[in-house]
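Undergrad: The structure that follows is given in the form of structure tokens.
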Amino acid sequence: CRPLWPLGCTSQCPLTSLASRFSLWSRQLSEFQNRPIHTFQVCHVMEPNQNNWLRSGWIQRQAAQRVYVEMRFTLRDCNSIPWVSGTCKETFNLFYLQTNEPLPAATRFRPSDYSKVDTIAADESFTQTDLGDRVLRLNTEVREVGPVTQNGFYLAFQDVGACIALVSVKVFYKRCPSTLRNLASFPDTVPHMDSSSLVEVRGACVENAEERDTPKLYCGADGDWLVPLGHCICSIGHEEMDASRAASSCNPGFFKAIAGNTKCSKCPLHSSSHDQAGTLCHCDKGFYRALKDPTTMACTRPPSAPRNLVSLINDTALFLRWMPPSDLGGRKDITYNVLCQRCDGSDGDGMTQCEACEPDLRFIPRALGLTGTSVAILDFASHTNYTFHVEAMNGVSGLVLSARLLTNVTVNTQQAGPALVGIINKDWSTQDSIALSWSEMEQPPSEIVEYEVKYYEKLSYSSTRTKSTSVVVTGLRPSTVYVFHVRARTAAGYTAYSSNFEFETAADDPDIADQGQVLVMVTASVGGFSLLVILTLFLLITGSVLTFCLPVPFSGIKTYVDPDTYEDPTQAVEEFAKEIVPSYICIERVIGAGEFGEVCSGYLRIPGRMDISVAIKTLKGGYMDQHRRDFLREASIMGQFNNPNIIRLEGVVTNSRPVMIVVEYMENGALDSFLRTRDGQFTVLQLVGMLRGIAVGMTYLSDMGYVHRDLAARNILVDENLVCKVSDFGMSRVLEDDSEAAYTTTGGKIPIRWTAPEAIAYGKFSSASDIWSYGIVMWEVMSYGERPYWEMSNQDVILSIDEGYRLPAPMGCPVTLHQLMLHCWQKEWSQRPRFNEVLSFLDKLTINPSSLLTLVNDVQSYSHSPEELPDYPLFISIGDWLDSIKMSQYKNNFLAGGYTTLDSISTMSIEDIRRIGVCLIGHQRRIISSIQSLRLQLHHIQQSGFQV
Ligand code: ACK
């Protein structure tokens, strides 16, 4: 409150007794600790017609809109004064007069000029003391005066015959005091004259704070601040202090890069701030921050050089592989550049002459910006020394001027001509040795020096040498198949490798020595010279001929080479698929039809080996070259894989007709039809086992960088032990073969129901889109081959997915598995799990089968509860519906059960379906699926705003 009056007045000055009998007294009141105080008193209670006036000086209004007068006075009640009845009064009156200026001193006092404010009565007059005396009590009364609109006013007190002592008069107005709220300051504010309206006041942000939403407060009539709105926030480099009243600067070692009411953060690792109010921490010497790094991220540095760079060369490709640097510099965005130089011969001073490699050298996947730790190099010149430098880069490498850290390897590509060794015979074997021999070529191009035999046990190798055309490789493991590569070194250097040969050591029985022989095609023989043959033994487990031969253990996985990167696709077939002698193939019967010709089953009868059951895909006569290429493309892809859950390529027949692809035989055929014929016959654990197998195969493919694009139950084959293997690789590019594939707006052919939205929309196929398809395969498996999204059109599937709809859990599906499916169907591809994560999740489920016990058994527990179901009109009858799903025989069951409308069946549970007498589990499943499908279609119709 602000006093208006008395301002700077002494006890004598403020009130003037006007034409009256008010007089100034000195009194002692207990309320004033009995100190003497001055009062104006009047007490002419015995005399009638009293009219005594006391008037204030001129009081300036200042900012006041509403003026209050507080009067403190004592008043004797008439009863306490004997013989005064009739004349004694117990009230006095308060008046006021507004003027713009003080009245001239000579102005006559005219009571009629004054307006009455109120009649004032006392609340208290006497109190009883302990001694029984009656003591006058002080009264306090407050009145509002006005409205006062002129510059000032006078107050006047009229006595009409009471006994009063006026102790004090205080005149004041109310204001909302200046304040700090939400980091904004609000000035002193006078409320509105009209008590029902508030004064809106805009605050100003305190120092080092900035406005977000305009800060506001409202000043109420009683001088209270009300309704705080908006706020200010601390500027960068500052944090809030003292309950949002002030912003203080960040201390050294702390920073704040974004305005807001958060605290200053400690400088991230390898950075510091030395001053107050730091908005950024500067990187310590030798550490950097990339342009896109958030300021909260630790400063990082370039990586050290890659380690253990090794090379492998075969006839057509040169492979480099390395290990990540020991110091990644604190970052994860590591990439590698492979730089190449040709270093041929030396100049006159004995210095090696190096120049940039030829531009048409092909690096697969590329030379720069590699994210993996291997690269394949094609189209290199023979008889050449290449030096490859591999450098590791990360997001801050570009900010550093210091020398680059490289790892080098020099590779000599010289080959002294084509393979000289063609036939290798296995003469005999024991459980730990194999005896080999080979014939000599009649006319070798140049003298052969000697044989060197290298052999590999797991990931390390040993070697032995021989000058003769035979060798006994000892120290092998029993009952193990080894792959042999042979090449000769002549005086001119190495020849190309021979084909692969597989030989097996004998079983673990010391008495049995295998005397089998293997006949293979001859590409060259060795003449009567001393010669060197290198036998390279690959342990089958480690992979095909592309496996690196390393002196150190090597954990890496091969990279898939796209056959399309070969100019001549037949080269890719030669490289990755074995040519089979047609007479070794024994066709038994036709088992199906593929896009290029029949699929048959039969045996592969290779002399010296056990018969193998095989499926034989044939290319029908009258094909065009393009057909042949597309047909064999699958073989050159499949031939690169070696995994128990990927269909195994036995070989191809390309040199005679019909052209054939021979793969392992899978007794139970395609997974989708297999499950359909065995509806409800497996345990959940068996189904999970199948899914696990598929996940193993897909983990292998994705690790190799191969994207399948057409993962679906129809492309998984099942063997007699229920092992599932991924197949159908030819379609990764064109998908012509898949009856499910439909043309998209971009012109590609895509199996819509199995394909991730980003792949449909912009052709973005990746292992993440394969994961989406894997989720659909999970759903197919758990529903025993049900068609995903039932009878919905492709267009409706795309729209529903876009609207966030996902397939509900199939009947009897454990909740955990459905959750995994939903995870695979995340719209954002980067949020989907990876195959190795899916695999370890499935492994955990298998180890802990109780996690599979919670089933989604009832349609009512699906994501759309019955209450949410649209109230749709009946557009077909129950009879039509049952006819459409070939379940007409249950019409009466539905009628008898009281289900006469589609509306009524939409909430049916599997229990309800059993209750009305549908006993066969396959029929229960078909009906419940169709109900789900109806619900989905109705949901979609509702979403699209279409009125049925
Ligand atoms: O469902 P299915 O019996 O399994 O019918 C198709 C048919 O050939 C046309 O592709 C079957 N099929 C394909 N590859 C093999 C295989 N490796 N083993 C057994 N059946 C196979 C497939």
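All residue numbers here begin at 1 and follow the chain in the order shown.
The backbone N, Cα and C atoms fix where each Cβ goes, and this holds for glycine too.
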Undergrad: Quick check: of Lys558, Lys617, which does TrEMBL put in the same ATP site as Ile591, Gly592, Ala593, Gly594, Glu595, Phe596, Gly597, Glu598, Val599?
TA: Lys617
Undergrad: Going by TrEMBL, tell me which one of Cys163, Cys176, Cys205, Cys219 is disulfide-bonded to Cys43.
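TA: The record-listed partner cysteine is Cys163.
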Undergrad: May I ask which of the recorded positions Cys43, Cys78, Ile591, Gly597, Val599 have a CB within less than 6 Å of any atom of ligand 1, listed in sequence order?
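TA: Only Ile591, Val599 meet the Cβ criterion.
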Undergrad: Using Cα-Cα distances with a 10 Å cut-off, which of the recorded positions Cys43, Cys163, Val599 are near Cys78 (disulfide bond)?
TA: Cys163
Undergrad: Of all the recorded positions given, namely Ile591, Glu595, Gly597, Val599, Asp710, which is spatially nearest to Cys163 (disulfide bond) at the Cα level?
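TA: Out of the listed candidates, the nearest Cα belongs to Asp710.
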Undergrad: Only counting partners 6 or more residues apart, tell me which same-chain residues put their Cβ under 8 Å from the Cβ of Ile591 (ATP binding site).
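TA: Set apart from Ile591 (ATP binding site) by at least 6 residues yet with Cβ under 8 Å, we have Val599, Cys600, Ser601, Ala615, Gly669.
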Undergrad: Around the ATP site formed by Ile591, Gly592, Ala593, Gly594, Glu595, Phe596, Gly597, Glu598, Val599, Lys617, list the extra residues of the same chain whose Cβ is within 8 Å of the site's Cβ centroid.
TA: Cys600, Thr618
Undergrad: Report the nearest neighbour of Cys43 (disulfide bond) in space among the recorded positions Cys88, Ala593, Glu595, Gly597, Asp710, comparing Cα positions.
TA: Cys88
Undergrad: By the count of other Cβ atoms within 10 Å, pick out the sparsest of the recorded positions Cys163, Val599.
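TA: Among the recorded positions Cys163, Val599, the lowest count of other Cβ atoms within 10 Å belongs to Val599.
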Undergrad: I'd like the per-state residue tally for the domain 'Fibronectin type-III' (302-416) from DSSP, helix first, then strand, then coil.
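TA: Computed counts for the domain 'Fibronectin type-III' (302-416) are 3 helix, 56 strand, 56 coil.
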